[in-house]
Amino acid sequence: MTRPRGRFAVAGLAGAVAVLLSAAPASALVAPGATVARGASVPSVAVAADTGCTDTATLIPQRPPALNQLQAPSAWDVTRGTGVVVAVVDSGVDAANPHLSGVLAGGTDLVGDGVGSAGYADGYGHGTAIAGEIAAQTVDGSGVEGLAPDARILSVRVFAGTDDQAVAAGTGPSISRLAAGIRFAADAHAQVINVSLSTAVDDPALRDAVAYATAHGSLVVASAGNRDSSLAVEKDQQDGARYPAGYPGVLGVAAAGASGVVTDDSIHGAHVALSAPGQNVLTAANTGGDCVYASSAPATSFATAYVAAAAALVASAHPDETPAQWAYRLTASAIRPHPGSRDDESGWGVVQPYEAMVLVPGAETAGPPNPFTSGPTPADDTAAAGTVSVRANDDSQARQSAIAVAISVVGGSLLAAIAALSILFARRRRAAATTES
C-alpha cells in the first residue's frame, strides 16, 4: 500500500474503539480477535486538504506559533531537554527529515510489515509530526523547532496507517500493539512516553502497560480524544473517559484552538489533566520538509506532543524527581482562572513549562494533590482578582473558564491579561514564602 507522503488522513470511527490521529475525526483501534460486520462503521479515510502539506520537501520560514504561547524562550534559559528520552508510540518517525537528524535514539517496529526497521520509517506522517513538535532541530530556511530540542526521540512504531486496507492487513492501530509499545518504551528507560492515540475501551493489557511504565519511572502523556462532530450519535463521540489518558498517573491532554479555547473538538471528561495548543501546528513532515497540521480544527494528537515536550523540559530540570512530581509541576503551574479548580474541558489549564520548572511546590500551593507533601493540598476558595470561579456541573461557568484560559494565553482584553498575570505573581509569592519558611 502506498499513501501520499506528507499528508495523513482525516479518518472516521471504527466500532467502539477510536484512535485519535488527525486534524479532527478519529480512526480505528481494533481489539485482538475483533471482527467488523459488513456495513458497520469502519475507518473512512480522506486526505486532509487543509494541512498545508505538499508531496515534496517544502520548508516554511515562520516559527511555530505555539513556542511563544508555551514559554519556550524563558524555558530554554533553564534547559532545552538535555538528558531526556521521549518515546513516540505512533506510526514511526521519518529519519530522513533533516529536522530529526541526530535526534533519534533508537526504537522498534512492532507492526512487522517490513517497512519500519527500528521504527525509522513513517508512511503515514503522524509520528514524524509528533516527533517534530517535541525535538525538531533548526534547519536553514525553516522556522520549525521543537519545544524540547535537546531531548532525544525513541521511535516505537505500532501502526502503519488507519484506512480500510491497513486495518484489513492487520497493520492499523491495535490495543495489543499499543500496550506492547508502551512497555517497550518503559524498558528502554524513556522518561516520557507520548501516546497521541486513544480508545474508549478500558483494556486490561493497556492498563497494565501504563502501570508498568509508571512503576519503571516513565510519565505517560496521552490524547484525551477527538470528537467527529459530523457523527452525531456514535458512542465514541460521547464525552467520557478515554484510555490510556484515563489511567492513574497519565496526563490526559485536550487541544486548544487558534483562539486558545478548548473546543468541543476535544472529548471532555475527568481524564483531562491539561490542555495545550493543537491547531495550526507547524512541524516536521514525512516529506523531508515542513507542514502545517490541524488548520481546520484543533487536534489532541498535537496538543499531547507539546505537553510531552513540556514534560521533557521538567524532567531535564528535575532529574531526581518522580513522574508523579513532574506531572504535579505541570498541572499545578498551568494557567487557569481559579487556582484550586480544574474542569473537564481543559483540565488544570494550559501548560506552562517555565512556570512548571521554577515552581516551588510547597504545602500552600493550590491545585491538584501534591506528591511533594504528606498532607492534602489546600483548597483555594478565593479566586484571583478578575478571574472566574469554576463550578462543577455548571456549563456556563465552564465556558467562561475556557474563555479565560484562552485570553490568558493568546491575548485579549487587558482585564483578562491582568488576571492571568495576577495568578502567576500569586504563585511566585507563595513560592517565595515557602522558601523563606
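Residue 1 is the first one shown; counting continues down the chain.
Cβ coordinates come from backbone N, Cα and C, glycine included.
What you see is a predicted model, and the numbers here were worked out from it, not measured in a lab.
ASP90 (active site, charge relay system) counts 31 other C-beta atoms within 10 Å of its own C-beta, drawing on all protein chains shown. In the three-state DSSP reading, ASP90 (active site, charge relay system) counts as strand. Residues or ranges marked as active site, charge relay system by TrEMBL: ASP90 (among others).
HIS126 (active site, charge relay system) falls within a helix when secondary structure is assigned with DSSP. The annotation active site, charge relay system is assigned in TrEMBL to HIS126 (among others).
Under the heading active site, charge relay system, TrEMBL lists SER301 (among others).
As a whole-number mean, the pLDDT of the domain 'Peptidase S8/S53' (81-349) in this prediction is 94. Taken from TrEMBL, the feature domain 'Peptidase S8/S53' applies to 81-349.
As annotated by TrEMBL, signal peptide applies to 1-28.
Summarising the annotation, TrEMBL assigns transmembrane segment to 402-426.
Between the active-site residues HIS126, SER301, SER301 has the most other Cβ atoms inside 10 Å of its own Cβ, all protein chains included. Put simply, HIS126 (active site, charge relay system) is 7 Å from ASP90 (active site, charge relay system) when counted between their Cα atoms.
On a Cα basis, SER301 (active site, charge relay system) lies 9 Å away from HIS126 (active site, charge relay system).
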